[in-house]
């Protein structure tokens with residue numbers, strides 16, 4: 001007898017099979033054999049000659065003694081008997097797809113097995129010479145009927161959700177490594193694969209023994225092929241004993257064992273159905289159909305009434321449904337219209353959002369432009385103002401020197417202050433010109449300037465404003481003004497965009513036309529004025545509102561704002577104002593009036609000049625016509641001009657009081673004192689005329705009448721009183737005619 005050696009399969013592990021499962025006997029034993037047939041087979045076996053093989057037979061003949069065997073559980077024996085007929089499922093998804101895969105054991109089949117085992121064995125015609133033809137499928141044939149025991153537990157096809165839940169449950173058990181997890185994989189590798197498991201090279205020490213000794217209980221390495229008659233008989237006897245034991249276990253199966261088996265099947269992922277399905281058919285009993293009760297034959301009247309009612313109901317229902325359909329159709333039409341309207345609103349909102357995004361970027365660009373250019377503009381304005389102040393100081397200094405010369409002539413010279421000796425670069429003393437010489441030189445220069453003007457009205461001394469500069473100073477002033485104009489042009493020399501050179505080409509008009517409500521609510525007009533102010537102030541750099549006869553409507557900013565404020569241009573008539581109102585007035589009150597006040601206070605206006613006062617009256621009338629009536633910003637201009645008069649009168653009073661404080665008893669008669677007094681009084685009278693003209697234009701505001709009274713009582717009367725008979729009375733009578741009745745009270749009392 002020889003043992004079959006099989007190489008170990010590291011990727012498969014099977015359960016240890018019991019000796020009862022090995023079918024080494026070549027005689028098939030089936031349930032169809034009768035007792036007579038079995039007896040005949042046994043007789044033939046007893047007369048069969050021995051095998052001619054020189055090995056294996058004696059071992060089986062001498063191995064008839066009983067061997068201790070471990071009794072296995074019912075579920076283990078079921079799995080062992082079904083290993084040849086029922087294949088192992090490759091995965092859990094196919095666990096319940098084919099309920100008839102395994103053998104099926106029912107009560108009828110078990111009864112058949114019992115009946116077959118009571119029969120006597122039949123003789124087996126055995127040819128010893130042909131005994132080498134060993135059939136390896138004998139065990140499969142003998143076990144095929146036993147595998148049907150699996151049919152006791154019917155299975156049903158689970159749903160996709162239950163399969164998914166089972167898979168997720170098994171995956172959680174596998175990941176957490178719980179004890180009740182039973183792996184369904186037949187290729188689980190538990191041995192050490194070495195440092196390179198992916199390599200196909202096999203080490204020599206792994207081939208020694210081929211793993212048969214280690215895994216013999218899980219393989220068929222210990223199984224022996226029954227070659228002799230006796231050995232096959234023993235194997236058949238063992239299988240019969242196993243079947244008897246299984247039948248006995250099936251009869252003695254208790255509820256606890258069934259519950260344990262069902263739990264194992266549940267853990268394995270299968271669901272057991274009824275193990276003992278009832279094969280008996282339900283007996284059907286014949287039942288006769290019930291005869292309906294007799295009903296009266298319907299007559300025409302009630303039928304017509306019923307049909308009429310049903311027709312009325314149908315008509316009413318049809319009318320209701322028709323009205324509902326019409327209402328639904330109307331609502332659907334309204335919804336369609338509303339949808340179209342909403343789509344239009346969404347489109348317009350998106351277009352508005354895109355436009356305002358672009359407009360915001362443009363406004364930010366304008367703001368960056370103004371932040372860059374405003375410092376240059378303010379620097380030019382300060383430079384222009386400094387030029388006017390310098391010229392005013394020069395004229396004021398010369399006029400003060402003339403007044404001091406005249407006052408010193410008829411009131412006496414002031415005491416000379418102690419002066420330190422001046423030296424040149426070499427330490428030599430510098431001689432100063434005599435005061436009399438300086439006075440004579442200034443007198444000669446004043447006469448020369450008066451003759452150059454060639455004005456008959458100013459032939460009398462004192463009436464001339466005498467605000468001209470010397471030729472050299474005048475040339476320097478003109479050069480500075482021209483250079484200022486060049487620098488003004490350089491402010492926008494690097495700008496190429498039309499909308500940054502001309503504010504009228506910006507996007508303000510598009511904003512007002514497309515989104516008027518947003519423009520009005522955001523006070524877009526004020527934004528336009530605040531942005532346009534830069535170009536207006538830049539255009540006014542170098543503009544002397546007194547010397548230049550240029551009116552406000554001649555400026556470019558005036559024309560641009562005038563047209564912008566009146567978008568609907570009417571031919572042949574005055575256009576109506578837009579939603580912004582008159583932006584020209586806003587620009588004048590915001591930027592032009594403050595700039596004019598600075599220019600006037602900085603030296604643009606000479607209060608001794610009648611021409612300057614006339615120009616001031618004209619420009620003020622133009623400003624009043626351009627702004628709204630009652631605008632309080634115009635009072636700022638009135639206050640500035642009156643302040644100039646007050647400052648001039650205060651300087652004259654201080655100068656006169658300084659010379660009147662001298663002791664005049666020691667003065668000798670000077671023939672030049674009479675014309676000097678006349679010149680001094682004439683200049684003050686001209687100042688009074690200009691102040692009276694301005695009062696007639698503005699009215700009694702800010703105490704202008706008190707200013708006139710202050711000039712007459714504080715300057716004219718004291719100076720004229722010192723030479724009343726030498727022309728003072730004559731000049732004061734002329735002053736009396738210039739004054740209104742309410743202001744000439746003291747003067748008239750003196751003239752009486």
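Even glycines carry a Cβ here, placed using N, Cα and C.
Note that the structure is a prediction, hence the values are computed from the model and not measured.
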Residues flagged as coiled coil in TrEMBL, choosing from 140-170, 171-201, 202-232, 233-263: 233-263
Per TrEMBL, the range holding region 'Disordered', considering 398-432, 503-537, 538-572, 573-607: 398-432
Residues flagged as region 'Disordered' in TrEMBL, choosing from 322-346, 347-371, 372-396, 447-471: 447-471
Predicted model, mean pLDDT over the coiled coil (233-263): 84
